[in-house]
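A.B. asks: Quick one: the structure is below, and I'll ask about it shortly.
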Amino acid sequence: MKINTKQFRTKNFKGVVSLFAGNTLSKFILTVFGFVLANYYNPENYAVYSVFLSYVMIMPVLASFRLDNIMILQKGSKEIRNLFNGIIWISLMVTILLTGILFLIKKSNLLQIEMSYFVLFLCGLATVLTAWNNAQNSLFSKFKLFKQMSTAFVLASIFSVLFQGIFYFAGYVENGLIYGWLVGLLVSFIYNARVAKDRLGALNIPLLKKSVKEHFEVVKFTYPSDSINIIANNILLILAFSYFEKVEVGIFALAFKMLTTPLSLLSGSVSRVYFQKSVTLYNHDIKQLASLTYRVILSNAGIIFLFLVFMNTAGIYLLDLFLKDAWQGLGEFILILSFWILARSALNPIITILLVMKKNHYSLIFNIYLLLVNFAAIGIGVMKNDFSFGIMVFSALSGIGYLILTGSILWNLKQLKLNNAA
């Protein structure tokens, strides 16, 4: 079959490649230099930083109501720009409300929140900027400004690690990681705002209501599912920070970061290609789709398995040589999380097949299960007064959940294949 190379020279394809390259480079910079900086900042301060990021991951999703998804579907330049403005105002108001609720919960001791009021305020500030950046990314995607998105990612990562280092040597050890990250976020925000300045305008509330009403089903089903998913993926550190030693939580957070970043990079690149192929094959060749799915699972899990073998052998030895004594115990958490990571590596690249098969309720049930596992793991850890044991429970139950969902996908594909053959 002759390959049409013209498709690889289009502006859209080059833009997507640029976006992927920028995102990969950004994560590489944050991971590698973040690891080096973690050795200077002690585990306790790294724990505060990691929990701060967990809040900032959750709150923008809750604050935006996932209206940015509508922007991708919206037609008409005027409607798109107006929807962008609406997202900004809604996110700002909801963020103020969420931050106020966190303040009240902390003051009333209704729930145990160990973060200081100042850091909670910074969470609110970061949420507003992140929600704005997320909306701008959706706007840029709609107008195919992929190169600008890529540039913003790289700028944010470079300025983050640079200023995290500067703040450390300036003596801001306690919150230097947070301050540096905020500088990177602010730089990307300013860059995005300059790119989008000609696409902004006054908010038309009736037009905003019309746009949301036209695509309300998207918000109705996407927002609850995405909210549960983002909470389930980030609540563990927040809960652990409230009930266990900060040093332990910091060491765990670094192990978590070291294992999830390679998985995210690998699965993210594979899932994009897999999703495109699965859409086509689902309507034409289920047998080939099933074969492709098996190959993707085996290859992705195989690579992660080799990575985990390295991390639990030579990797631990190298880490012990590089890291200070304060980080002792990192290898234990890497080993505990290995089963969870391996199980997750089987599902992550093929999770989009649920959209193709119209099995979105599987994702919702699974995300609820993961959320309950987080609470159960921390609860058991508190009862046993053993953080490591709680993480063992989390790794085991979460890993089993990932394997069950992967098995369910393969079973559904097998049934479809049998039905087509009949």
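Cβ coordinates are placed from backbone N, Cα and C, and glycine is handled just like the others.
Remember, predicted model here, so these are calculated numbers, not experimental data.
Dumping what TrEMBL says about this protein:
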TRANSMEM  20-40  transmembrane segment
TRANSMEM  46-65  transmembrane segment
TRANSMEM  86-105  transmembrane segment
TRANSMEM  111-132  transmembrane segment
TRANSMEM  152-170  transmembrane segment
TRANSMEM  176-193  transmembrane segment
TRANSMEM  296-318  transmembrane segment
TRANSMEM  333-357  transmembrane segment
TRANSMEM  364-383  transmembrane segment
TRANSMEM  389-413  transmembrane segment
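Could you give the neighbours, burial and distances for every feature on this list?
C.D. replies: Remote same-chain partners of the transmembrane segment (20-40), defined as residues 6 or more beyond its termini with a Cβ less than 8 Å from a stretch Cβ, comprise 46, 149-151, 153-154, 156-158, 160-161, 164-165, 168, 177, 254, 257-258, 261, 264-265, 268-269, 272, 322-324, 327.
Long-range contacts of the transmembrane segment (46-65) within the same chain, counting only residues at least 6 positions beyond its ends with a Cβ under 8 Å from a Cβ of the stretch, are 38, 87, 90-91, 94-95, 98, 115, 119-120, 122-124, 126-127, 130-131, 134-135, 174-175, 177-178, 181, 219, 223, 226-227, 230-231, 233-235, 237-238, 241, 246-247, 249-250, 253-254, 256-257.
For the transmembrane segment (111-132), same-chain residues at least 6 beyond its ends with a Cβ under 8 Å from one of its own Cβ atoms are 48, 51-52, 55-56, 59-60, 63-64, 87-88, 91-92, 95-96, 98-99, 102-103, 105, 175, 178, 181-182, 185-186, 189, 192-193, 241-243, 246.
Distant neighbours of the transmembrane segment (152-170): 22-23, 25-27, 29-30, 33-34, 37, 40-41, 133, 137, 176-177, 179-181, 183-185, 187-188, 191-192; these residues of the same chain sit at least 6 beyond its ends, with a Cβ under 8 Å from one of its Cβ atoms.
When Cβ-Cβ distances below 8 Å are used as the criterion, the transmembrane segment (176-193) is approached by residues 37, 41, 45-46, 48-49, 52-53, 119, 122, 125-126, 129-130, 132-133, 136-137, 140, 148, 151-153, 155-168, 170 of the same chain, each at least six residues removed from its ends.
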A.B. asks: So, does the transmembrane segment (333-357) come close enough to the transmembrane segment (389-413) to give 3+ Cβ pairs below 8 Å, pairs being at least 6 apart in sequence?
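C.D. replies: Yes; at least 3 Cβ pairs under 8 Å.
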A.B. asks: Please indicate, using numbers and ranges, the residues of the same chain that are 6 or more beyond the transmembrane segment (86-105) and have a C-beta under 8 Å from a C-beta there.
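C.D. replies: Residues packing against the transmembrane segment (86-105) from afar: 59-60, 62-65, 67-68, 71, 111, 113, 117, 120-121, 123-124, 127-128, 131-132, 135, 203, 205, 208, 211-212.
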